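So that you can see what the record holds, here are the features copied from TrEMBL:
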type	residues	note
DOMAIN	83-179	domain 'Fibronectin type-III'
DOMAIN	184-280	domain 'Fibronectin type-III'
DOMAIN	285-384	domain 'Fibronectin type-III'
DOMAIN	388-482	domain 'Fibronectin type-III'
DOMAIN	486-585	domain 'Fibronectin type-III'
DOMAIN	590-688	domain 'Fibronectin type-III'
DOMAIN	693-790	domain 'Fibronectin type-III'
DOMAIN	794-888	domain 'Fibronectin type-III'
DOMAIN	893-990	domain 'Fibronectin type-III'
DOMAIN	1117-1213	domain 'Fibronectin type-III'
DOMAIN	1214-1312	domain 'Fibronectin type-III'
DOMAIN	1315-1413	domain 'Fibronectin type-III'
TRANSMEM	1421-1444	transmembrane segment
REGION	1502-1521	region 'Disordered'
REGION	1533-1562	region 'Disordered'
COMPBIAS	1534-1552	compositional bias 'Polar residues'
REGION	1586-1668	region 'Disordered'
Amino acid sequence: TADLLPRHLPTFNMSLCDCLAVCVAKCVSLYVPVYVWEKTGALMDVNASTWSGDIGTYTCRVTSVGGNDSRSAHLRVRQLPHAPENPLAALSAAERRTVNLTWAPAFDGNSPLIRYVLEVSENNAPWTVLLANIEPEAVGVTVGGLIPARSYQFRLCAVNDVGRGQFSKETDRLSLPEEPPSAPPQTVIASGRTNQSIMIQWQPPPESHQNGPLQGYIIRYCLSGLPVDCQMKNLTNPDQTTLLLEDLIIWTNYEIEVAAYNGAGRGVYSHKVTEWTLQGVPTVPPGNVHAEAVNSTTVRCSWSAPSPQFINGINQGYKLLAWEPGRVDAVTVVAARPNFQDSVHVGYVSGLKKYTEYFLSVLCFTTPGDGPRSPPQRLRTHEDIPGAVGHLSFTDILDTSLKVSWKEPQEKNGLLTGYRISWEEFNRTNTRVTHYLPNLTQDYRVTGLTALTTYTIQVAGMTTKGQGQLSSSTISSGVPPEMPGPPTNIAISNIGPRSVTLQFKPGYDGKTSISRWQVEAQVGIIGDNEDWLLVHQLVNEPDARLMEVIELNPYTFYRFRMRQVNIVGTSLASQPSRKIQTLQAPPDISPANVTLRTASETSLWLRWVPLPEWEYNGNPELVGYRVQYSRAGTKGGVLSHLILDRLEREFTIEDLEEWTQYEVKVQAVNGIGSGPWSLAVHGRTRESVPSCGPTNVSAFATTSSSILVRWGDVPQPDRNGLILGYKVVYKEKDSDRAPKSWAVEGNTSHSIQLSALGKYVLYEIQVLSFTRIGDGRASTPSILERTLDDVPGPPVGILFPEVRTTSVRLIWQPPAQPNGIILAYQITYRRNSSSSNAATVDVLSPSARQYTASGLKPELVYVFRLTAQTRKGWGEAAEALVVTTEKRARPQPTSRPTVPQEEVQPRRVLLSWEPGSDGLSPVRYYTVQYRELPDSNWTVHSASVNHEASSYIVDRLKPFTSYQFRVKATNDIGDSEYSTDSEAVTTLQDAPDKAPMILSVTPHTTTSVLVRWQPPSEDQINGVLLGFRVRFRELQYDQLRSFTVRTINTPSLNWADITAPYSVRNLSESSLTQYELDDLSKHKRYEIRLSVYNAVGEGPSSAPHEVFVGEAVPTAPPQNVVIQSSTATQLDVTWDHPPLDAQNGDIQGYKIYFWEFQLQNETERVRTLFLPELGVKLKNLTSYTSYMISVAAFNAAGDGPRCPPTRGRTQQAAPSAISFIHFSELTTTSVNLSWGEPRKANGIIEGYRLVYEPCTPVDGVSKIVTVDVKGSAPLWMKIKDLADGVTYNFRIRAKTLTYGPEVEANITTGPGEGSPGPPGEPFISRHGAALTLHWTSGDPGRAPITRYVIEARPSDEGLWDILIKDIPKEVTSYTLNLDMLREGVTYNFRVIGVNDYGFGSPSAPSPSISAQKMSPFYEEWWFLVVIALVGLIFILLLVFILIIRGQSKKYTKKTDSGNHSNCNALPLSHGEMVRLDEGRFPTLELNNRRLSVKNSFCRKNGIYTRSPPRPSPGSLHYSDEDVSTKYNDLIPAESSSLTEKPSEISDSQGSDSEYEVDQGRQKTHSFVNHYISDPTYYNSWRRQQKGVTRPPAYGYAQPDPLAEPHEPSPQPPHGSAQSTLFRPKGSRTPTPSLLSPEPPGQHGTLYRPPSSLGCPTQPPTAGFSSFV
């Protein structure tokens, strides 16, 4: 007999050792023996696993050549013991908390039992082992130590050496009776809440000692240490673990006990805890109060202490209060310490006003506050000497007397008894005279004085206490006092952060003493237009020579000035001192209005009002703020952050712990140090999700479908809020399915039984906690636990791939739910019509996947049943039909699937169909497909629908979506075609799946917030969106810090039960994306959630958003913005506050945004005012620039909107320097000068002033030429009156309202180094109306000649100018048209070569040649003679006729035949004057060679004129260095200035420049005396005798473009003609030039023929210069 253990002995040949030994002994031949196994006469296969069905007698037969033999053995299989039967549990009658358990023994499994194991389930909790070693012979046991009021179930199993058998069935649930709690409540804490209440907190007794459901608590309390009865409080809510004991006695010690009770009675009381109520304020005042004055400023007070029972706390001391009648708001308070030794307390109040009535009272105070005042005592301080009299003045001042006047002292300090007046000669006390006057006298005439003597006069008031403070002044008799003069010589020393020392020299004292010194200062911004402020005064120090000015601002610019005051008045201000800056100092104050708000889960938003500029006390660039923060209530862990922006007013403190209270302070810092800290503010970060999972997570499989999960608490730092419950998240290991979760509400439960799990499945389990914000992190690592095994499910996928008429072969797959380790398969088959007794049964190994059944009959239907076995037994069988035929085919499609409308749900439908023909092969399963309309592809929903089913629930569908379905059948041969598509089916609407995403919640007003959100996507709404729901409620953080959520007896308790309920607003407009939530409470924090709803219901709520209500940015901009232009760099901006209803709180300041017009991005700046002022001065702006200015208000919540930009312009200022000076076409006597506009015009450019002069005197004369150019004129000028080889200094500056800075440049005339030499002397040939110049090339210089230039000049005027330029370098002759020249004028020409180095030396001048053209025929003599003869004939005929007709009448005809040659007889126009063409030669030139007056003026082209008159003084302009101040005059000048050397005072130099003369301008001139010293000129300039006609003066002038070229000019009035002087070369005496016959503004037009030198724009011409 052999004992085999299943799974340990898999084959017989390893088990029947004895049989094998006999068989081997008989095999002695050389051939291998043959052996077979038989069981009860039937052959069998021994290569199979052992199971309980293998019990029996086995025979081994051996056949060989050597003989045959056999042996038999009986096999017994050892297995697990069976479960004990009939377990019974009953309460023990002898002992409490004890149960007697009995049972019947079980089959031992062919192996002796070792022990029993007893498990218990308490209150439906998971099974746990109670007793693990019960004796195997026992049939009962007594279980003690159970807990009252709990229910118990028991089960047990037997254990042998194979293992532990199955558990018995559970006993009936048995409940133990309740008992009173056996333990007191835990952790009883009491704390004084107010002076009449104590808060008590406790924890329930341990659950094992509650002995039944708690029904409440009893609180017992009484006065500590006193034999008084106790008072009781009964709490009937077992979940309430706090109680506020009220109506207690102030500042009293109480003893408190707490006990729990249940249905069986009250339990034991806790240990006594003692606690005081808080202190209160005293309820009675001190007694026996007596007050008396000690002196003129001090009062003594005595009192007795109030009774201790009325102090209601610890006596912190007393307060003595004194106040004047009628001024109860101005109370002087003095604190006095308590004196516990003496019964009488004494205190003093000092610093009172002299001789003043006061009320005095005493009160006692404790820490909470002050007690009542004692009845006031009225008293008066003692009398004292008075203060100084007021307004001492002198009137009626005579030689021997004067009148003195004064006013009463402001501080009488008693009853005035009179006045004392004395006077004495200055510094002679022996001359003092004193008089005493009555108290009503306020003036006195002092007599008996000495004339013209300085006296010191003193006046003082008198009381009974004596003479008061003297008021004195000095006065000279007979000399009335005068207004003093200002101090002088102000010097500054000892500059500190807040003080400086001023030294000064007193000014004129006004013949009396100085009574007061005043110091005024410009603070911050120094300038002539800035205000002066009074910063210091020094009184009654007439001899002071220095003073310390205190209370200044550190690191601030100051400029001081002084005034001195005497009895007459205040002097004028002194000259300002130099500009100084005080030293730096740390900031004096801390930032104001510090507030702290929650920003997020890990950040706080800190705000403050920055320091005003005058409080920086240092370099503004180094001013910043330091933020210090730490956890509230802790000493360590202090962190800080430095903000280096002086204008910053907020900071977000990041990286904080969630749901944590912080303490924050702010201080200002600068380059010197730190200022004081602000008061600490507190704030809590927002609640968040836990950042860590619970600790100590464990899992234990209790059944095949349940697991017990336990966990600990979340660590305190990682909770990040109030833990509302836990979630157990689990899923099958290595599964792709989404994890499932099981929620446990409440934060006291730390275990849960997961049920409905898969059997024998390995699960990954994690636990997480959640707050109201959401789920926290899950615990890590995941816990792996497998459920227990169980009987398996049916095998799946049964098919018959081979079917014959007498045999079939079927295949299958293991069960989808193996529920353990598969040990075997059992197959049973029979004819479908026969009974189960005729079935054939076969057991297969666990690895088998196919089976062939033979011996069947053809054309019959057979039923096959297949089942699997695990350690727990045989599982559910799977059945399949098969027909033994070879005529099988694929199945036919099912009918068109239908979906009844009543079976349509939002996410599932019931699909029905009728099966088609199975093709003589039964259908094995159906496949269901679906597709989402309109465009989705077909998707398999299930490919294993039961073959017997004709309907199927299609789930996991989308709500409110259209679908189509189709079905196909599958048999052993294959798949059918898909059925016809079903009709379109639309699932019903369902509640939305997702909440809107809140984008922001911002304060809008002080009682409203603006909520912005993004709706969920359309496929997540699950229907037609009807609107939104806004849920909001007020948060009370302080009430939730230590709240415990319990679910022992109230499992439905959740967050909503411990906070205010939500208020709901329905928004029925589905297109909304924002909403203003109004009517909220100020200064409250709100939680806001948002959800969407459709016709079915409401979706989930969004994550909560918190917002603080009560602070909102201004919703309207400032009003009435006005801009005034103050200076060229300053704009004054004023505005009004925003409307009151749009301010949303106190306006903290304004931001002024300003930028240059149309340059906002490049030039925008901002000025911040941290005071609610209504104006600002914007300084340091650009002159004459348009600015756009916008103003915005801000409050503690932030910036409001800007107002529309307003435009303003700064005033004009002096322009900047011109951008450049450029010289070109430099010759020996001329240069082209050009310049650029100023880089900053700073206004409208009215013109330019050009000044040039030689750097060294020329011929002993330094000539300064000043030319003013209009702003509209071209920015270039031809300067031609230069000397060869001289360096000139040119200075140009632009002018707006005034002149800007000058720009200088030097240039030296003459050929430059490397320029060409002079060409050969030109000679001229004449051909009709043209002249041809010929020359030869000269030295080319250092570079080849690039071109030639021809210069010309009138032979009698002396200034060369370019006539032709850009003549090609190869040309050595050039033909001129006479039209380019002025007819009748004689010219000289010269040639200049030009290369890359510049203009070269000019050639020698050509011979003079006249520009006279050929005369026309009508100018020939013969033509004139003919005309004269014809005229004579006509005259004779006329005379003859008249004689004949007038014979009767005689008449006399007188004619004046006297004709003389003068200029008036034939006035010359400018067109007839000898001059160059102005178009070619645009300036008036002076001849540098000596001319004959007769040739130049009396005969030109045969026309005789009068000799020129002497120069008119009115036409000359002379100036010296004293006239240079006119440079800054706003009236443009058109003259030249002259600098003379004393040694060569008569030398002069002519000057001409191209300049457009202002013809309407009147000129004023000075005349130089040395002209008169020349007898020649003196005689020619003498005033003509009366009656003698003075010849007119002629000259060149700038033409009027509207005048005709040959229009004669009218005779100017006498004395109005202008003249110009020039000096021919080599001459020392000025020579008069041509003079203009026209008055100013009426000049003739200058003829301008075309010229190769002409420019598109006529250049300005320089005016004539005057010489000495």
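Using N, Cα and C of the backbone, Cβ positions are placed for all residues, glycine too.
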Residues of the parent chain within Cβ reach of the transmembrane segment (1421-1444), under 8 Å, 6 or more residues beyond its termini: none
DSSP helix/strand/coil residue counts for the domain 'Fibronectin type-III' (590-688): 6 helix, 47 strand, 46 coil
The domain 'Fibronectin type-III' (285-384): DSSP-derived helix, strand, coil residue counts: 4 helix, 46 strand, 50 coil
Whole-number mean of pLDDT values that fall within the domain 'Fibronectin type-III' (388-482): 89
Helix, strand and coil residues within the domain 'Fibronectin type-III' (184-280) as assigned by DSSP: 3 helix, 51 strand, 43 coil
Secondary structure content of the domain 'Fibronectin type-III' (693-790), with strand meaning DSSP E or B: 3 helix, 46 strand, 49 coil
Composition by DSSP (helix, strand, coil) of residues within the domain 'Fibronectin type-III' (1315-1413): 3 helix, 48 strand, 48 coil
